[in-house]
Amino acid sequence: LKSLAESLGSPEPAVRLILSLVIGYPFALVYRWFLFYQSPTVLHLFHTLSGLALAVFNFGSQVYHSAVCILVQFLMLRLMGRTVTSVLSSFVFQMVYLLAGYYYTATEEYDIKWTMPHCVLTLKLIGLSFDYYDGGKEAVFQRAQQKGAALTSVPSLLEVLGFSYYGGFLVGPQFTLQSYQKLVAGELTDCPGKPPNSVLPAMKRFAVGFLFLVIYAIFSPYYPDSYFLTDEFEAQPFWYRCVFMLLWAKFNLYKYVTCWLIAEGVCILSGLGYNGVAEGKHQWDACANMKVWLFETTPRFQGTIDSFNINTNEWAGRNVFKRCRFLGNKALSHILTLLFLTVWHGLHSGYLICFSMEFLIITVEKRFASLVNDSPTLTRLANSSLYPLIYVVQQFLHWFFMAYSLVPFCLLTYDKWLKVQMSVYFLGHVFFIVAFLSVPYLRKMFVPKKERGQLKQ
């Protein structure tokens, strides 16, 4: 593996990770061909042992961290029952354990180590405690999403192990124990009583993932993170620094896209990706973590959020944002959700800057979208023959400010991201703060008084 990594010009842990994701396909075929009709006990054992094997392959003896957290989570479910105390204890324990891992293993660069899959596991186990708690509510008090995930009985230890180590243990996707139970029961199939006809959909996702891997492998060496910190980068013209940042972000995100698409293919192959029938066609997007076409074509920041890391966003929406409804303030719920995601990602200051920029950008974008919809003049302009030109400009701004926000996320420490954002004169912060402050004045300019009065009413 060391020789292979050197020949590919990639770090050995990254090569191990990609190989592990690909090995998931033979594991899924073994499940389809030999184990589909076996008892739940056999399936739980298979998923546990296959997941553990890949974890040991990547992280060696450090796999004990996941085992400890799974065991503690199971004991809390058994001993504390469906109580708020159980949910809070689970949340505190799992997050403190993860943050302690970040603290003791952190470096100034992003490394593939045991905390990478453990952050995925943390959400799984916290979500498990929420779902078990929701299962004790009367049906009239359960929201629609809660009904689709609530657990009516406490799971066995073997069931929790299989759920934790199955499929998306390394990089996701997130899924509920109820979905895993349906998989083990043979219910997630388009052919009742038989393995699903999911080979072709799975191979399509694998092919798209492999295509992104090839693009990343070819272009990412030309846009390394380290170049931002060189004197040569600072000496480049302003326009060059902006374009470099944009292209860097575009290709840098493809490593995440690759991993999620390949992992999704494994879930589809085994059946976990089955999502029922819509418009007369069987759907295989239950574990989709990417909407590739939307990700590549949307000119809006909200579109990128809706198409990227979908399962984690849905988990945060279901288990954090919507559970903050008692606050009676959507903006505050949004802030708390982003704050949770900030801490969940790690202890570096770059994460805080990235997610604070997300809040600012989405707030401004919503206000401008409302402004365009309320203004007849701007609506006509948006629907005019000039739209292709507007689209190109919007895409450039969209990806540049995405890159501007991604710099702290990837460079992590303030001495690095501060230097890079300073090199483009903090353009992202200036642009969106000015845009935020200008919306009321633009409304007076473009929205007629009569319509402003109707909207106010």
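Note that Cβ sites are derived from N, Cα and C of the backbone, with glycine treated the same way.
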**Message:** Between 41-57, 347-363, I'd like to know which one TrEMBL lists as transmembrane segment.
**Reply:** 41-57
**Complete:** Same-chain residues at least 6 beyond the ends of the transmembrane segment (420-442) with CB under 8 Å of its CB atoms are 228-229, 233-234, 238, 241-242, 245, 357, 360-361, 363-364, 367-368, 371, 401, 404-405, 407-408, 411
**Asked** So which of 14-34, 87-106, 389-414 is most in touch with the transmembrane segment (253-274), counting Cβ pairs under 8 Å?
**Response** 14-34
**Request:** Count, for each of 14-34, 87-106, 389-414, the Cβ pairs lying under 8 Å from the transmembrane segment (327-344), and report the range with the highest count.
**Result:** 87-106
